[in-house]
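Q: Handing you a structure now.
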Amino acid sequence: MLRNDTITAIATPPGEGSIAIVRVSGPDAISISDRIFSGNIAGYASHTAHLGTVSHNAVYIDQALVLVMRAPRSFTGEDIVEFQCHGGYFACSQIVNTLLAEGARAALPGEFSQRAFLNGKIDLIQAEAIQQLIAADNIDAFRIAQNQFQGHTSQAISSISSLIIEALAYIEVLADFPEEDIETEDSLPKHRIMEALSITDELLSSFDEGQRLAQGTSIVLAGLPNAGKSSILNALTQKNRAIVTDIPGTTRDILEENWVLQGKNLRLIDSAGLRETENLVEKEGIARAREAMSQAEGILWVVDASQPLPEFPTILYQKPTILLWNKCDIVSPPQIEVPFQQISVSAKTGEGLLELKQALQKWLNTTQLGKSSKIFLVSARHHSLLHSVYTCLTAALNGFTEHLPNECIALDLRQALHSIGNLSGSEVTENVLGEIFSKFCIGK
């Protein structure tokens, strides 16, 4: 699976910028780069930087800072040369074209990371974390990916694997020497399987929370028609995302908008106003609104302070809820006692929105990862394979209770190890690797 050629690509995003980076990796990275650079790259020590000019066939291309990282002390485990040139499209693209003319090959998406994996610099779990780091759009998603890239998830998986291997080795001894009549009901292999199950179960149980943290906390704006839900959504996000009119029932479907508040990602969900209606389309919208309220993690219950107080749905008392008295610029809200926070706002003037943001921030901080080293699963691939591990370990444990032959228990444990191998990459197929790394950007 290892490639012996030398690859190159632009490692920075396209478009205008102060600096662009061109990366070269492979056995001929130094010799190819040396032919287009004014300095002596072949003579440079590893992990040093040198300023010079890039040219080809005596034609000047750009000034660049060259970084040399010799194998195996590099990201890919191969010789790497990086050219830091002026930003924009033309300088870096001309450097790439020159490197291609000198014998390098254009890198495939994720090929640098794939080489790092194939050369043992990172495992597959860490490699996948690279793409998660790049794609993270909020602080929680970034920290989850950071923990994964630092190897915390891999360490937990390795612990599961070690426990299974220890149990399997003991069981195989029992299978090879059945005449010893060793008692296994409360023996070492059973205890090791139970330990492995405990770690696996903890990882699996983190998936839903990990998904929520990575994708954002869902908060639905709900209330009667014309209470100002859509106006508040637009005011918070500073976008004209939702249609606003004086006609009740304008919003008839779920409208979702991502909103980052102090680095925390929220999914604000605008919903249809709740009321009795015979309009089939609006009725469907109301049904979806109620479903959104049941699925959301928090509710902003919007009330028009100038109108009679509506009845509060039971679900408001079952979830984190903030009561928003809208239109406080024209009327003072009534004084009522409810078990959730009340904030007076005006979607029209912006009054009270700062207090609302502070309240949301305070609530979100209760779910903030901070510097916690807790591991969260966010990959569906990881969850599926770990679920397979859990199933196999459960079957193996039941094998003791049902007094199954040791060979049957060993078979379940080997299957669990196979799933772990697919997870870490030690037994993964080339097709799976291709699918994973093809989602990466070129140059990473």
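In case you wondered, yes, glycine gets a Cβ from its N, Cα and C as well.
So Swiss-Prot lists these for the protein:
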type	residues	note
BINDING	R23, E82, K121, K444	(6S)-5-formyl-5,6,7,8-tetrahydrofolate binding site
BINDING	N226, T245, I247, T250	K(+) binding site
BINDING	226-231, 245-251, 270-273	GTP binding site
BINDING	S230, T251	Mg(2+) binding site
DOMAIN	216-365	domain 'TrmE-type G'
Q: Measuring CA to CA, name the entry from the binding-site residues R23, E82, K121, A272, K444 that ends up nearest N226 (K(+) binding site).
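A: For N226 (K(+) binding site), the closest Cα among R23, E82, K121, A272, K444 is found at A272.
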Q: Could you measure between K121 ((6S)-5-formyl-5,6,7,8-tetrahydrofolate binding site) and S230 (Mg(2+) binding site) for me? Cα positions, answer in whole angstrom.
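A: Between the alpha carbons of K121 ((6S)-5-formyl-5,6,7,8-tetrahydrofolate binding site) and S230 (Mg(2+) binding site) there are 50 Å.
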Q: Cβ neighbours within 10 Å, counted over all protein chains: which one of the binding-site residues R23, K121, K229, K444 has the most?
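A: Its Cβ has the most other Cβ atoms within 10 Å: K229.
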Q: Quick one: which of these binding-site residues, R23, E82, S230, K444, have their CA within 10 A of A272 (GTP binding site)?
A: S230
Q: Distance between K229 (GTP binding site) and K444 ((6S)-5-formyl-5,6,7,8-tetrahydrofolate binding site) at the Cα atoms, whole Å?
A: 42
Q: Rank aside, I only need the closest one: which of the binding-site residues R23, E82, K444 has its C-alpha nearest to that of S230 (Mg(2+) binding site)?
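A: The answer is K444.
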Q: Return the residue, from the listed binding-site residues E82, N226, S230, A272, with the maximum count of other C-beta atoms within 10 angstroms of its C-beta.
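A: Result of the Cβ crowding comparison: A272.
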